[in-house]
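Notes for the one structure printed next.
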Amino acid sequence: MSSKTLPYSIKDIQYDNAKFRPRSFFQVISHTFLTKRMKRECMACSTGKFLALLMICGLTYVVLTHASPIDSITNGVSGTFGSKEGDNSIMDGGIGKRFWRKPPKLPPRLSPDEVNSHNTSIHGLANPNLESEWIARQESVQRAFIHAWSGYKKYAMGYDELMPLSQRGVNGLGGLGATVVDALDTAMIMKLDDVVFEAGSWIEKHLPERISQKGQVNLFETTIRVVGGLLSAYHLSVVQQEGNPTNKGPKPSVYLENAKNLADVLLTAFTSSPTAIPFSDVVLQDRTAHAAPDGLSSTSEASTLQLEFNYLSFLTGDPKYSFESMKVLEHMKTLPKVEGLVPIYISPSSGEFSGSNIRLGSRGDSYYEYLIKVWLQQRQSNRTYLHDMYEEAMKGVKHLLVRKSKPNGLVFVGELPSGVDGGFSPKMDHLVCFLPGTLALGATKGLTKAKAMEENLLTFEDLENLKLAEDLAKTCYEMYSVTSTGLAPEIAYFNSEGYSEDGLDGGNKTSEYIHDIVIKRADRHNLLRPETVESLFILYRITEDSKYREWGWSIFEAFEKYTKVDSGGYSSLDDVTVLPPRRRDKMETFFLGETLKYLYLLFGDVNDIR
């Protein structure tokens, strides 16, 4: 589908509407003058011929000198990205092209349902009762965070993660106190000053020593959870201290200095590699790096470092962090792909993709997510190749991976375990639920849908991607509601063309989609993941449709009912299809750092954290 900007403006609406307006007296006389009988009578005399010739000349003059309505929209998305071959046919406004231009179509508008939903959202903010209800729900999420933090603080302070049933801590991420750092920006957003003070004081006192003395850490996990957490805390603490100089916690420079010191060691993964692809693991105390045991890196891990490292370069003025991390994407740009899709493994030693497994789940997911997010972050740097890679990949997703379930037609994203020449698998990880939010961001560039349409910024492909985003968000929500607990499994399969399996449903017999979704026994665990609620948050902000809030509230209630541990904290589950569910005894850092954060923002004012 063409990526050209929509070829119409408000003038086109006026053009079409003019066909239905009452005609003036002058227009009636003109029309009568041009009827066949009058034309024959007038053309019979020289005066009539002269007047006819004069009219033709006048019309020709108007056509040749009147600016086309298209000229009014030469800016916008196509102007940002640069026109592609063939785009000039509707944008250069040549005389011959204007003269022969087809009557314009009406531009796409919000459907009646969308208009009603938009109005409901806007009016809802003005409705004191409705507003107070969402404030109360947001406060419920805040209390959940306090409960999770209290359990961690009591039993596991300084450890990476809490085991809430065993009431102890565990270091599964290198021993850098990952939960402290990952949860800090959420506490800041929620304005929990006591938690901010406790977490910030721990970072100031203990983290520098751990950065210099701890052993092996994973480059990707440490970057997104610890470096990213520190940079977020720095940003928010600077903003908050501007408005509240007495804000609790250490000076913002503490967070930035620790982020810089940790990133300096992590850079070893890039500089030690013989190619642009970094090694997967770093030993902090030795400042050495090495590949994983099989010699390969996950594609998603190598390509999900750039937001954090770019921002660190921006803050410090030192380009080395951005330079090393962006080399990865610049290199991946040159590698062969399948309609923009890439295998899930890549070799640091050769710099080439390894194997043919293509999926948007584990080891592939955030490659696609960061293409558009890094492009948005770096728009002033003219890195248009990132947007080109993203667009090509999304076309490949729609062509090769998107299917519909049977019998009720849920849209899902499957996998190609053996590549494009192998068979299709109707398997969809919960991790794939990042995609609805990513597609929505890619379509509107962060604007609301109504604003983007008002300014004629959406291409037909953008509208198609936004529709796909909404369809996939519904599927992700139904992966929750189809189970007995109301919580999604780690992996789902979909009954579809060429695949059917009975007796492995989610347990909620009242669900409309009980026969569409298959949940195998090995895939029934829930890790408190954030992908679905992040997409609901983004889609609510972009579409202003309150259903995404309602879906998020339903998910939060299920977390409260089945994962909350009375003594403190929340636990992952072993099986979401049975009641009561078996618990796994682990609270991932991202439950505080992401899941509860996005739920809190979803229920809050749209002006919070834009």
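Yeah, the Cβs are placed from backbone N, Cα and C, and that goes for glycine too.
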Quiz item: Of Cys57, Cys476, which cysteine does TrEMBL list as the disulfide partner of Cys433?
Solution: Cys476
Quiz prompt | Glu221, Cys476, Glu490 screened against Asp365 (active site), Cα within 10 Å - retained recorded positions | solution = none
Quiz item: Near Glu490 (active site, proton donor), how many other Cβ atoms are within 10 Å of its Cβ?
Solution: 20
Quiz item: In angstrom units, rounded to an integer, how far apart are the Cα atoms of Cys476 (disulfide bond) and Glu221 (active site, proton donor)?
Solution: 24
Quiz prompt | Fewest-neighbour residue among active-site residues, criterion Cβ within 10 Å, set Glu221, Asp365, Glu531 | solution = Glu221
Quiz item: Cβ distance under 8 Å to Cys433 (disulfide bond), same chain, sequence separation 6 or more: which residues?
Solution: Leu472, Ala473, Cys476, Met479, Ala488, Glu531, Thr532, Ser535
